[in-house]
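First comes the structure, then the notes that go with it.
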Amino acid sequence: MEAILNNCLCFFNGVYDVDFVRLTLLLYEEWASYSVFYKYQPIGLIRKYFGEKVGLYFAWLGVYTQMLIPAAIVGVIVFLYGCATVDENIPSMEICDPRNNVTMCPLCDQACSYWKLVTACGTARASHLFDNPATVFFSIFMALWAVLFMEHWKRRQMRLNYIWDLTGFGEEEEVSVRNVKKNKDEKVKLTCSDRLPAYMTTVVMMCLMISVTFAIVFGVILYRISIKAALHMSSYPAARSNIRATVKTTAAIINLIIIIIMDEIYAAIARWLTTLEVPKTDKSFEQRLIFKTFILKFVNAFTPIVYLAFFRGRLVGRPGKYLYVVGSYRMEECAHSGCLMELCIQLCITMLGKQLIQNNLFEIGIPKIKKLLRQRKSEMDTKQEEELNKTLRRHEKDHFLGPFIGLNPEYMEMIIQFGMVTLFVASFPLAPLFALLNNIIEIRLDAKKFVTELRRPIAAKAKDIGIWYNLLRGLSKVAVIVNAFVISFTSDFIPRLVYQYTYSPDGTLHGFTNHTLAFFNVSDFQPGTDPLEPMHLGYKVDMCRYKDYREPPWSTTPYDFSKEFWAILAARLAFVIVFQNVVMLMSDFVDWLIPDIPKDISLQMHKEKILMVELFMKEEQGKRLTMRERNTPQQPRSRPNSHTNCV
């Protein structure tokens with residue numbers, strides 16, 4: 001080991017004839033091993049072996065993982081606060097109180113019957129774990145955290161640029177062979193009219209793929225509606241015992257499987273579309289490919305989540321006048337405690353499933369399967385392969401490893417994870433913790449893959465992470481708006497505040513549950529939609545309740561939106577505006593407060609500039625003196641006058 005370290009030290013001292021086999025061994029022991037997960041990455045060695053571009057990726061991944069530690073700690077504290085206060089939450093206590101004999105309207109037509117509100121006790125208590133006042137604080141914290149993360153990375157990147165002597169590096173793009181065709185030694189340039197069909201194809205295909213994603217989500221919605229009705233009609237008590245949890249979990253798993261499959265399809269389509277466009281340079285090709293892949297994968301991953309957060313339960317209608325799709329499918333309703341719990345389940349399953357299956361099992365399993373297939377196709381047995389390996393050189397052995405396909409897939413999975421962590425963090429405060437645990441494994445998994453399973457890529461210089469930084473910055477801005485809407489419209493935070501400070505007789509939340517329930521006269525059901533078993537509860541029901549702010553049936557305007565509805569809507573919109581502007585202002589202030597360049601690096605760069613200017617001035621002065629000496633004519637020497645004294 002000492003010999004390897006000495007060899008590595010010689011490498012840093014400028015001796016470039018390093019034995020790469022020993023360097024690979026050093027990287028494997030100090031970086032690609034799971035037993036060193038708690039250590040910092042040897043970014044210098046990574047850069048020396050793989051180049052600046054790969055080194056910057058692992059440096060960025062290390063900074064991101066490091067910054068997830070405080071976010072994960074605060075998220076766990078917020079979750080524990082919800083656990084500690086669940087028994088003190090008045091709305092869930094009212095729902096769980098059996099003395100509140102509240103009869104609720106059916107959740108579906110005919111197959112579903114009336115039900116007691118107390119049966120939603122478990123869902124109400126679980127919702128409080130994620131829907132409590134601490135989530136507002138956590139949303140603000142995560143918005144500021146995203147800004148701090150971006151600033152921290154900019155400073156780290158500037159330090160690496162200085163250490164790696166990249167501060168004056170300008171990327172000189174080589175003309176790509178994708179857009180150059182030689183005809184009689186002349187370059188043929190494609191005009192806008194030549195590229196127009198490819199651009200139109202790209203636009204049409206992107207819209208088509210996004211429409212396919214929407215159609216798949218709509219299909220899952222129909223699955224939830226139909227399976228819920230089927231379980232209600234089932235004669236098995238086990239099937240009818242926990243219908244809501246069964247439907248939510250199975251639908252989330254189906255969404256996860258579809259997301260994983262469509263991700264692979266979208267990646268291939270994005271590459272095909274980018275090839276059709278024939279970009280001018282390799283950098284342009286890469287940026288266009290990243291942008292298309294990001295749009296498709298982002299829509300694929302977040303469309304089900306956006307539906308649950310902002311659309312489910314709002315396009316329903318009311319008892320007696322429900323909204324139907326595809327004929328007789330009645331749109332879904334949220335649970336009495338809101339859709340936040342279902343949103344949390346979808347986020348949890350999607351995030352954990354993508355990390356476990358797509359990011360880890362695929363990265364481990366697929367290379368192993370490919371290796372086994374290559375071995376089976378080989379006609380040599382084990383002994384012959386060992387003899388051949390002894391005769392091959394290092395670079396010849398590396399040729400049998402998997403090809404390096406670039407850093408885009410690695411960046412993409414982390415960017416999608418960053419979106420999961422920031423966009424809907426108000427509904428899932430444990431997201432940073434799961435991301436942190438995944439990234440600790442991801443760093444060592446990627447390291448092992450780069451060192452042992454992939455061919456060593458051609459070293460490429462880069463001074464930043466490129467378009468990925470712009471995507472991260474855009475996501476951090478969008479996250480503020482999304483979390484404002486989640487808190488305002490998806491959770492019950494605003495209705496609770498409005499009730500407590502406007503309608504509550506004692507300034508508390510006592511009576512909030514009854515305040516959120518509207519009345520419905522069962523005689524107003526549309527023909528063919530009333531329950532088939534109206535006596536399911538053992539008594540005749542004349543009036544049932546449903547969650548909405550509407551006028552009662554005995555009002556002069558029955559079932560119209562009440563004044564409480566409009567007051568709460570105004571409060572929600574006001575909260576979105578105030579939250580967005582305040583958090584954006586705080587984020588911009590933090591961005592302005594923290595300099596992009598560390599002070600010591602800035603001073604050192606300033607000193608180097610002064611030294612360069614002084615050196616330049618000295619050289620110029622020397623040149624001027626030399627020119628003067630050359631241009632000044634030399635005068636002939638005169639003999640000294642001798643004076644003779646006469647005696």
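Cβ from N, Cα, C; glycine included.
Curation does not apply to TrEMBL; its annotations are automatic.
Feature annotation from TrEMBL assigns domain 'Anoctamin transmembrane' to 46-608.
TrEMBL lists 57-81 (among others) with the feature transmembrane segment.
Among the features that TrEMBL reports, transmembrane segment is placed at 134-150 (among others).
If you look at the transmembrane segment (203-225), the same-chain residues 6 or more away from its ends with a CB under 8 A from one of its CBs are 108, 247, 251, 254-255, 258, 262, 266, 269, 273, 292, 295-296, 299-300, 303-304, 307, 325-326, 329-332. Annotation source TrEMBL lists transmembrane segment at 203-225 (among others).
Tertiary neighbourhood of the transmembrane segment (245-269): same-chain residues 205, 209, 212-213, 216-217, 220, 223-224, 227-228, 231, 239, 293, 296-297, 300-301, 304, 342, 345-346, 349-350, 353-354, 357-358, 409, selected by CB-CB distance under 8 Å and a gap of 6+ residues from either end. Residues or ranges marked as transmembrane segment in TrEMBL: 245-269 (among others).
Positions annotated as transmembrane segment by TrEMBL: 289-310 (among others).
The transmembrane segment annotation in TrEMBL covers 414-437 (among others).
The region 'Disordered' annotation in TrEMBL covers 624-647.
Per TrEMBL, compositional bias 'Polar residues' is recorded for 632-647.
For the transmembrane segment (57-81), the neighbouring stretch richest in Cβ pairs under 8 Å, chosen from 134-150, 289-310, 414-437, is 414-437.
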